[in-house]
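What follows is a single structure, written as structure tokens, with notes after it.
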């Protein structure tokens with residue numbers, strides 16, 4: 001029994017074949033109607049004239065073919081240029097073989113003639129050869145488009161596969177055991193697995209299973225992995241598609257794809273439909289007139305999720321980074337009954353994720369995963385996986401047998417700032433500036449109770465940064481107080497403050513531009529979002545969407561000026577705090593800067609040693625002695641044989 005899909009494909013090819021036949025008939029009739037039958041005398045006259053003008057030219061004769069017809073008849077067909085009309089005329093001449101030989105008289109043909117000793121059908125085939133070539137070329141293009149569309153999962157129901165469902169059923173082999181660090185989110189989804197396995201139990205209790213689950217969170221937190229784990233645990237079909245795949249250049253295609261996707265899921269029920277980046281298709285509908293393709297697609301999705309039809313056994317899961325831009329009709333109960341926040345992992349969750357991804361890798365048993373988790377605040381699960389992958393690559397590059405904390409530490413730096421640029425030339429002045437700048441950041445972290453803890457300081461360039469300081473929160477809390485935010489801003493401004501104190505206000509460099517950007521962003525949020533300024537407990541929206549998609553500000557120019565003044569006030573107060581701390585701890589600043597100049601990178605343990613003992617660590621003193629001896633040899637003109645493996649390079 002033929003399916004609806006195969007029938008539509010058959011009709012498509014029948015229409016194409018009919019169009020080709022009609023085209024051939026029209027061309028044949030047109031050619032036949034304009035062809036003149038000439039006598040042997042006319043043919044002889046044309047043959048006697050054209051060679052006299054230019055026997056080697058192909059000006060007068062075109063597309064001439066000669067073939068043998070019935071009863072020893074010679075048929076000559078082609079086009080001849082008439083000087084009287086200035087145009088070519090299509091002709092056909094029927095000659096006896098003897099008459100043809102008399103006219104030609106053993107002369108060379110004045111045209112590139114084609115002689116066929118065969119049937120009339122063969123000659124007709126040759127005459128239609130150019131047309132057949134075009135037909136085959138056209139058919140090949142159609143076949144290629146059909147093949148491509150079908151291979152891409154678009155189906156072959158129409159010429160481009162538009163409107164066809166791009167999601168295909170697959171069985172997921174991911175389990176909850178493959179997902180680490182988001183235990184609360186997993187517990188929310190256990191009920192879905194139970195419903196998909198035992199739907200009758202919920203029906204007897206009169207309970208309705210959630211029709212949809214929306215997962216919101218930053219990129220790389222495991223939203224897609226969770227959806228696959230639900231399908232894998234339940235053992236049901238898993239349909240996945242990106243929100244952008246619904247749309248095409250033609251209006252209505254997205255709605256058609258939504259319908260077919262749900263129809264396919266019904267055939268495979270129980271099933272899960274997962275829509276990644278649903279904000280691409282589920283954005284809020286504006287108040288403007290008209291109904292574009294996006295709105296049609298959204299409307300169809302709303303109907304399929306909770307309309308007149310029934311989609312029993314189908315659960316829609318979706319992921320987005322921007323739930324705030326989704327249409328309210330999409331978020332109501334009955335469509336997405338549950339909205340799960342998948343946030344960035346905390347320190348314990350990061351430790352669990354690292355341990356999960358460490359399986360199957362050769363890692364030194366002395367690696368403390370809790371310490372590694374401390375160094376990676378704000379990292380997503382995807383970034384943590386990338387850290388261990390980079391560490392494995394470094395192990396192979398360095399031709400080592402196991403991954404040590406050295407490779408992991410370097411991998412974290414590579415993920416944060418990119419590969420180190422040790423070959424970048426840096427003058428002594430630049431090195432001094434960067435050393436004091438980064439020491440300023442570290443000093444604020446050491447002396448301010450609310451500031452972040454310093455984990456590492458380096459002056460080795462990475463990316464666009466001449467150096468950087470890694471600081472992590474002392475305690476990973478959910479909320480931040482006004483005091484905490486002031487301390488964070490002071491930490492960002494500590495580098496600029498150190499430059500001003502050491503080199504003067506007029507010699508402050510551009511190295512603090514990124515610090516200023518981050519500090520200003522926090523200060524602005526304190527004013528316009530958190531109500532932490534003299535403007536009071538008011539949230540100022542910078543832009544608002546009005547009717548017909550028009551965007552307008554929500555406050556006056558006078559208020560904007562007051563907001564800018566408050567931001568400047570917060571930055572100035574934080575900068576004064578940074579200046580005060582650095583001036584009171586100049587000895588520690590000098591020791592930190594000297595350690596950076598010598599080692600280029602100092603760890604949390606070395607920083608704490610300097611802060612407590614007010615002297616340089618042993619590693620710094622040893623390196624200074626080696627450098628002094630080498631300088632002495634250079635002054636004496638001695639040749640120094642330095643091997644790469646002898647250099648103290650991290």
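Cβ atoms are placed via backbone N, Cα and C, with glycine included.
According to Swiss-Prot, the topological domain 'Cytoplasmic' annotation covers 1-10 (among others), on the basis of sequence analysis. In the predicted model, residues of the topological domain 'Cytoplasmic' (1-10) average a pLDDT of 51.
Here Swiss-Prot flags 11-31 (among others) as transmembrane segment, drawing on sequence analysis.
Look at Swiss-Prot and you will find 32-123 tagged as topological domain 'Extracellular'.
The transmembrane segment feature in Swiss-Prot is assigned to 124-144 (among others); the stated evidence is sequence analysis.
For 145-650 (among others), the entry in Swiss-Prot reads topological domain 'Cytoplasmic', with the evidence type sequence analysis.
Residues or ranges marked as Zn(2+) binding site by Swiss-Prot on the basis of sequence analysis: 437, 441, 515. Under the three-state DSSP scheme, residue 441 (Zn(2+) binding site) falls in the helix class. Its Cβ taken as reference, residue 441 (Zn(2+) binding site) is surrounded by 31 other Cβ atoms within 10 Å in the chains shown.
Around residue 438 (active site), a 10 Å sphere centred on its CB holds 27 further CB atoms from the protein chains shown. Here Swiss-Prot flags 438 as active site, drawing on sequence analysis.
For residue 437 (Zn(2+) binding site), other Cβ atoms within 10 Å of its Cβ number 29. Long-range C-beta contacts of residue 515 (Zn(2+) binding site), restricted to its own chain and to partners at least six residues apart, with a cutoff below 8 Å, comprise 441, 492, 493, 495, 496. In sequence order, 438, 440, 469, 492, 493, 494, 495, 496, 498, 511, 512 are the residues of the same chain, not among 437, 441, 515, whose CB sits within 8 A of the CB centroid for the Zn(2+) site.
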